[in-house]
Every structure is written in structure tokens, then in C-alpha cells.
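S.K.: Okay, so Swiss-Prot annotates it like this:
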- 113, 154, 155, 156, 186, 187, 214, 323, 408: thiamine diphosphate binding site (BINDING)
- 185, 214: Mg(2+) binding site (BINDING)
């Protein structure tokens, strides 16, 4: 049964939205809690494609915005997902699809955190509740999913380059179609966005860029560019329509609607700007405007559509708009999990178990502990203070914490520059985003063998965010770089001590650890320094004189999976008496423990299996193969059967982490099956 947005009754914290009528003015609804039942959305239910919007009046569009916002609230409660950014672009999404003729006109979303409303209006309304789940809708726009998703995204700052490419190709083919790129102020801090804008002016391309300025990326936007946008806002409208007709006469948006800025920026006298960055580089500039005012958006976007050459429309929005808790805490509500079931039975309290730490928390604890001991430690993050576990470090050591915004290339070379002056920089970065700073890692850090440590978070399969965020290529692109040393801890305690080991090393190092919680291992003190390039035999199962001897070489958090798989094989009636198993925690991808490999070969190992949460091609198993084939003395005389277990040569679709592991044969059952095939 559907619930009307006009009649929802408050039932519990998660049960319903605030009861109030949908106005036909531009005063949007604000809801207090997330509805459990599908809301009543008569206007939205009439929209199966953007073409259906053409019959709506402006008043209908305003009312539709409330219905769409409530529907996104409901759907996010069912499936979880990115939240605040989606609520902030409801009106913009409606205005774009009303004015443009998608899919002939091209709409390009940057990052994709804000594309849920776009998915709803483009025929995917009834599947939005499946978003991020296995075989459901993807978390981001994806070309294979819909003709309306013009460019696949997930990383930031790509939209203007992609949109410019579309515009130039359309011009070359003589096709008159509008290309509109939507980019946030956080993504605009990425250098790639400015490279594209510079080229758009050079090419005199017909390109519309919409700057969705909510003073946030995932957390608060920072830096000189963010301050420049604030000055544009506080100085009033800077409307340039010299190529588009008469000046737009409209009121300045209510400052109180965006008073969150006052919490982030020092009050100051603001000059009346006669020019701005966008106009200075050659864009026609409209703005700033209220991004929640549909009539105003329709007027401005209609004019911008008529402009020849590159044009930028600057709008202000509120992240989490219309959901009171998200407006108050936009960082906390950047993304949410699904709501708990109402009928969840209360759990019987047992002896309280200490919760497992997230690996990002382990890193944060190490940072704070080490910073007390060593005043040379400096920490850098490209806009991932919260996600990387650095909030407490930033609070305790603000002068040693550097958030460089979404600028991975800069972050890596910044660390290199710091290292030349006798300090020890640590770059905390997600594996998938380190790819964006690869040239800098090689040219600016490793080539000079500078003393920089990389703390690589979100390594391996990351679950619902899917292939765009998977960290499954780092072993391959790091281990081929001279001077680079790579560690892969099996649990929280080992992560802490490997972080310390790499910190104490003079040179380029990387510690790679996964998303989420660990195994529950207790972190021991004081911090240890492990032997570099030395593995640990975790267990030996089976009879010493068994005819088959398997060495299971596990990297990182796959050690626990390897141990469970080995125990199952040791109990197997078919293999228990015929196979001895060595479970090895390799710890290091580079340098490998080649001494241990030689010892295992000399002991008569008949089978070797490598296990990693990384692509098989180029991964740690490949490193073992290369050593055995090229450098091992023992392997020339004794050649065991070899199996590499890891991620196959394909992008792994979104789903839960456990579903992804099973899909790749990296769950315990999958590993056992592959080992049994090897031993058969």
C-alpha cells in the first residue's frame, strides 16, 4: 500500500516523513525521518521517461520535486546508498530533463553520487530499490545500464573532459545536440576539470557546465577554489548574458538558506567581484543561483542552452536538502545503509565482546601513536579525512595534517617535496584513487627513492560501490616500480606493526589493507618492526610423510581464508591421509620471502597455490611465478604443480563483498574447490 506524502504519520525514528501538504510554491518539504512504506507519488508515477515531463506545468514540476525527493528517501532506506548528494540535486535533475531532449542531448554526471533522481526519471523508478545489490542497478551511471547514462563514472573530475569529447565529436559529425556536464564544487578541485575547461575555451566548444556548489565533497570543500566560490556567493550575482539577450532580473537567494557556510568560513569583508575565475579563462558565466528554485533554474538553463561556446551555470544547493538530519549532518549522511527490519527481534545480551576495529581505525590509531613519538610525521589525504580514519589525527595535530582536496596527483608529489626536507610524509589514499597519481608515484617519488609511505585503504573488492571503486590492481602497478616495497597485513594487529615497519624504513613503501572491519585481533604494544621480506608459516596440517605436500601462499587478509580452507581439506576423507598442507602468511609482496620458497621446494613440496584478493594477472601470484621460473635454483630440479587463485581478468560487478568473493571463487568454498582440483 502506498503512503501519501501529505498524510504520512510519525510511527518511529525510521517510520515516516513529516506530515505536511505539498505546496505549489517553491517552498520544498522537509522530512524528519525515512518512510518505510512506498510513498504516494501520483505525479512521479506518470514519468516513465524524460519525455513525459514535457506535459508538466511549472507547478507540477515543483510538486514533482517533493514526490521525487520522498521517493529517493524511501528507496535509500530500502537499499542504502549515496544519500545527501542525491537529495541536493532533485530540482536540477527535473529541470535538466524537462528542458533537454535526452538521450539525444547528452547529460554527463561527475562522480555519480547524485544520479539517483536521474535514474528514476529515465525509466528505472521501480528498480531503484535494487541499487548497489547483486544484479540490481549500479551505484553510478553506467552506459551498459541505460541509454540515458552517457558516460560511466565513479571517480571525480571527469565530466568536463568527457562532455567536451562528446561536444567535439558531435560538432565534427554535424550534429546539433546539447551537452551538459554536472560537476560538484568538490570535484572541481581536481586538476583534470581545469585542464578540460582550458581546452573547452581553446576549442570554442558548445558545452554547458553546471557547477553544483554545496560547499561539500564527501566532507567540507577546502582550499582557495572553495573560498573563491564563497566570494562569488557573498558578492551577489555575477550574471553574464551578453551573448544571450536581456539581463535576468531575479532576487538573490536567501542567505539563511545556505548559512552552513558560516560554520566553515571565517567572516570577512567581501569585495564586489568585477570578474571571476570562470570568466577570466573564457567561459560565459551565469550565477550564482538557487539550485532548489525550479522556475529560476528553467529560466537560466534555457538561456545557457542558447549560448555559443563554453558556458558555466553556477548554482548553490544544500547537500541532504529536504531531510532534516542530513542537512544538519551532511558528512554523516553522505551515504547510509538500509533500514533495519521492523520485526527484528531484540538480541539477548551476551558478554560484551570488543567490536572489531575497521582497518581505517587501525591506521588512525597508528598515526596518532606515532605522531606523539616522532615530530617528523606529516599526513596527507586527497579529501578522505573521514574515510581514511584521520579525524582524530587532524584534531590532535592540525599543523601536521594536509587535506589537499580531490587532487591525487598533487598529493603524491606534495609528499615527495616534503620528503626532500627531512620529514616523513604518509599519503593516506584509497587503492582505486592511487591509480590517478601513478605517474607522480613513479617519477616524483620512486625514481628519486624518496622517503614516502603510502597507506593504501579499500584494497581488494569493496562491495556495493562495484568495479569503479575496487582496489584490485595495486599489487600489479606497484610491484613493477623500482625502489617500491609492498606489505599486505593479515589482520588488524599485523596492519599496525607493518605500518610501523614501513614508517621506520627509509624509502618508498606501501601498506595495503581492505575496506571494513578486521578479524578481531588485539593490537599489541609497543609497536614492532618486522623483518622486511620475511613470511610466516601459520600452520602445518597433515602427516609429514604424506605423498602430497601443498604450500598455500596467502597474501594479506586472505590468510584467514587460506587457514579455513586448509583445515577443511585436512578433514576431507579423500585427502586427509594423502596431503600435508603448509599455510604461509607471505606478509610482503615485494620483496618476496624467496628464502622460504627455496626451503619449501627443498622439502619436497609437490603443489604450490597462491591466494590473493587481487587480479591474477600481474598480482602477487605472478610475482611468485616469476621468481620460480627466472631465479629459483631449487625449481630447476624440482617443479611442483602451481595454481594462482585470485580475481579473474574481468571487472567484478557490484554486490556485497561476500557475494563478490563467491563470484570470484575467493570464499572458503571456492578456494577449497580450486585446491582440490590442484591436488587431484
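Placement of Cβ uses the backbone N, Cα and C atoms for every residue, glycine included.
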S.K.: Can you give the largest Cα to Cα distance in Å, as a whole number, for the residues 113, 154, 155, 156, 186, 187, 214, 323, 408 that bind thiamine diphosphate in the record?
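M.R.: This binding site's residues have a maximal Cα-Cα distance of 32 Å.
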S.K.: Near residue 113 (thiamine diphosphate binding site), how many other Cβ atoms are within 10 Å of its Cβ?
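M.R.: Step by step: centre on the Cβ of residue 113 (thiamine diphosphate binding site), count other Cβ atoms within 10 Å, giving 28.
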S.K.: Quick one: which of these binding-site residues, 113, 155, 214, 408, have their CA within 10 A of residue 185 (Mg(2+) binding site)?
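M.R.: So the list is 214.
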S.K.: Could you check the binding-site residues 186, 408 and say which one's CB has the fewest neighbouring CB atoms inside 10 Å?
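M.R.: Selected from the binding-site residues 186, 408 on minimum Cβ neighbours within 10 Å: 408.
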S.K.: For residue 155 (thiamine diphosphate binding site), which residues in the same chain are close in space, meaning a Cβ under 8 Å from its Cβ, but six or more apart along the sequence?
M.R.: 111, 432, 433, 436, 468
S.K.: Where's the emptiest Cβ shell within 10 Å among the binding-site residues 185, 214?
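M.R.: Fewest other Cβ atoms within 10 Å, among the binding-site residues 185, 214, is found for 185.
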